[in-house]
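Encoded as C-alpha cells, the structure appears first; notes follow it.
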Amino acid sequence: MASLKIPATIPLPEEDSEQLYKAFKGWGTNEGMIISILAHRNAAQRSFIRAVYAANYNKDLLKELDREFSGDFERAVMLWTLDPTERDAYLANESTKMFTKNIWVLVEIACTRPSLEFFKAKQAYHARYKTSLEEDVAYHTSGDVRKLLVPLVSTFRYDGNADEVNVKLARSEAKILHKKITEKAYTDEDLIRILTTRSKAQINATLNHFKDKFGSSINKFLKEDSNDDYVQLLKTAIKCLTYPEKYFEKVLRRAINKMGTDEWALTRVVTTRAEVDMERIKEEYLRRNSVPLDRAIAQDTSGDYKNMLLALLGHDHA
C-alpha cells in the first residue's frame, strides 16, 4: 500500500500542465504549486502530464524542472517525475559510474523490483544509454563482485508465490547453502545460482528451512565476515530478496542518523518506494526507531525539499 495521497477529484492532465506552465513563468518559480501537483499524481498520471506538456508547449517537462531547480529538491522532483522504469534505468546507470560508492543501488534495484518491472527498466536502459546494463556492470566490475552482480542483473526470475514453493527443493538447497557458507565458499557457483535464479517465494522457503534446521538466519552466519565487501553485497542481496522493508528502513536510518544527512539515499528510497511499500517501511521504521519516519525526515531536512518528501510520504496535509 502506498502512502501517496491522490486527491478525490483529479484535474485533467491539460489543467495540470497549464498550472505547471504558469508555475514556471514570471519572477521566481512557484515551488509549492509544483509540489501540490506532481507529488499528488501517480505514475500513469505523471506520464500523461509529461506528454500533454510536451504537446501543448513544445517543451520537455523534465528539462524545465532541471532548468528551474537545483540541489536536493531538484533531484527529488526529477526522480519522482520520471516513469518508474526510466528512474531505475537512470539510478542503475548512475550506480555504474560511481561503483565503489553506489554498488548497493544496483543490488537494490535488481532484488526488490518485480521481474517484469526490472526487465522493463533494462529495456529503458537500452533505449537511453545505447548499451545494456549487463554490459556496463561487467565492464565496471571484476573478480568476486562481477561473479555475483552480472547474474543478478541478468536474471528474469519467475515471480511465483508461496503456493508454488517446492518444499523438497527448499530443504536440499538450504543444506547446500549451509555447507558452502560454513566452508566460507561464498563465491561458489551453486550458492550464486540459487540466489540469482530462484523465485523470491522459493528463496524465502529455502532460507526459512535454513533457519529452522541450523538455528540462525543465513545473514547471521555471514556476520563474522561482514567486513568483506563481497559478503556485504551478498547480505544486501539476501535482505532485499526476503525483507525489502527492513532493508529500506536501514538505508533510511543510516541516511538520517549519520553525521550530515545522506540526501541521495533518502531521496532515492522515498521516490522509489512511495507508490510501492512505503506504509510497511514506515511501520518498520517506527518499530525500529520509536520515531515516525515523517517526523525524522522533517527534523533532518528543510524548505521545498522537506515539503516534497513529506508530500510523497502522505504527510503534507494537502
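Yeah, the Cβs are placed from backbone N, Cα and C, and that goes for glycine too.
Taken straight from TrEMBL:
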type    : residues                                                           : note
BINDING : Phe24, Gly26, Gly28, Glu68, Ile256, Lys258, Gly260, Asp300, Thr301 : Ca(2+) 1 binding site
BINDING : Ala298                                                             : Ca(2+) 3 binding site
Packing count at Ala298 (Ca(2+) 3 binding site) (other Cβ atoms within 10 Å of its Cβ): 16
Near Gly28 (Ca(2+) 1 binding site), how many other Cβ atoms are within 10 Å of its Cβ? 7
In Å, rounded, how far does the Cα of Gly260 (Ca(2+) 1 binding site) sit from the Cα of Ala298 (Ca(2+) 3 binding site)? 14
Can you tell me how far the Cα of Ala298 (Ca(2+) 3 binding site) sits from the Cα of Ile256 (Ca(2+) 1 binding site), in Å? 10
At a 10 Å cut-off from the C-beta of Gly260 (Ca(2+) 1 binding site), count the other C-beta atoms across all protein chains. 6
Long-range same-chain neighbours of Ile256 (Ca(2+) 1 binding site), Cβ under 8 Å, sequence gap at least 6? Leu266, Ala296, Ile297, Asp300
